[in-house]
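S.K.: Let me begin by handing over the structure; questions about it come next.
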Amino acid sequence: MVNPTAAIKVAAITDSVIMTEPEKTEFHCINFSKIGRVEQFFITTILVFIFFVINGFFLELIYRLDGMKDHSWYLTMMQFLCYALFSLLNQVFFAGNVARRGEMRVYLLLAVLTVATMGLSNMAVGYLNYPTQVIFKCCKLIPVLVGGILIQGKKYGWVDFLACACMSIGLIMFTLADSKVQPNFNLYGVAVISGALVADAAIGNVQEKTMKKNEVKNNEMILYSYSLGFVYIFIGLVAAGQFLPAFNFFSQHPVQTYGYGVVFSISGYLGVNAVLYQVKAFGALTAVTVTTFRKMVSIIVSFIIFSKPFTIGYIWGGLVVTLGIYLNLYSNNKDYMYSLLHRILQHRINRQKQVKLEHGDIV
């Protein structure tokens, strides 16, 4: 039921929530073991789509409020607080063991990187078209590959570099298309989301290098990363003199900020956990496929609900990025894919033999 290898790859799927150890295949307190795997897959896939489409919708809706982009870090602080509270409740009521297993110095570093990833990602929506932000977040392989070489001295195959090239070309195509049709296109937003990806790559590499041997539960890592991250952001806002202006702004628009922000945070937290469930129950290949199509749906919903100019360049750029994603999947899951292809071909051959035998009996 659980794919240990896939568990290490969660960082590439779930937007900065790392998992280091396979856990029981439960979605919070709901145990799906009494229903079939097909039903489990469809239920969790629907949950992934619902939670993340809601998450993207409310994030874009929040930034429709005039002046919101000046207070992105306050929104991120609120998101970190919600994630920390949810994971604390989960740790106390469902995990059963609240003792810390991981090293605090590692959590302090991961919290910094998580703040950079989430904060810059949210901030980018204030400067970029939301679909462009989503496409950039699909391309984590680029900084992950560079970080793996620089931080861990890893060696990658030609397929990985080809996947990286496809993602880079797709990003360029999508960004150029965006710059042609979006009147508010801002290169600063591209720099901001690129910084988020670099921090995200560092999260995965640091986590893999320093914590893969520790028996650390995913929920514990979320709890400490986001709790410490909340403290970092709070101190940063106070030190920069931005806390009170942001607090006053949110107080003037409580529904559009606090209300939408809570829904945004809850849907994001539940969506991440739904993806983690799929990784544990069905493997990284299935989870990435579902997540990729979910992002496509989020982009389509964004174009439909929030009217914005469209060009065919978006489609071509998105397709090239998708090709890069699946080249990366192929590189990481060659044995599984070959085995799956062999089973499919063997099934077809056996089926044809059976049909011929039945036909021969009839004749």
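Each position is counted from 1, following the chain as shown.
The backbone N, Cα and C atoms fix where each Cβ goes, and this holds for glycine too.
Automated prediction, rather than curation, is the source of TrEMBL annotations.
From TrEMBL, for reference:
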type	residues	note
TRANSMEM	41-59	transmembrane segment
TRANSMEM	71-94	transmembrane segment
TRANSMEM	106-128	transmembrane segment
TRANSMEM	134-151	transmembrane segment
TRANSMEM	158-179	transmembrane segment
TRANSMEM	185-203	transmembrane segment
TRANSMEM	223-245	transmembrane segment
TRANSMEM	257-277	transmembrane segment
TRANSMEM	284-306	transmembrane segment
TRANSMEM	312-330	transmembrane segment
S.K.: For the transmembrane segment (106-128), could you work out the same-chain residues 6 or more beyond its ends whose Cβ comes under 8 Å from its Cβ atoms?
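M.R.: Distal contacts: 15-16, 18, 59-60, 63, 68-69, 72-73, 75-76, 79-80, 136-137, 178, 185-186, 188-190, 192-193, 195-196, 199-200, 202-203, 206-207, 210-211, 221, 224-229, 232-233.
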S.K.: Take the transmembrane segment (185-203) and find every residue of the same chain, 6 or more past its ends, with a Cβ under 8 Å from one of its Cβ atoms.
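M.R.: Counting only partners 6 or more residues beyond its ends, the transmembrane segment (185-203) has Cβ contacts under 8 Å with 11, 15-16, 18, 110, 113-114, 116-121, 123-124, 126-129, 132-133, 136-137, 139-140, 142-144, 146-147, 151, 175, 178-179.
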S.K.: Have the transmembrane segment (134-151) and the transmembrane segment (312-330) got at least three CB pairs under 8 Å, pairs 6 or more apart in sequence?
M.R.: yes
S.K.: Run the contact check on the transmembrane segment (223-245) against the transmembrane segment (41-59): 3 or more C-beta pairs under 8 Å, excluding pairs closer than 6 in sequence.
M.R.: no
S.K.: Between the transmembrane segment (41-59) and the stretches 158-179, 257-277, 284-306, 312-330, work out which stretch tops the count of Cβ pairs under 8 Å.
M.R.: 257-277
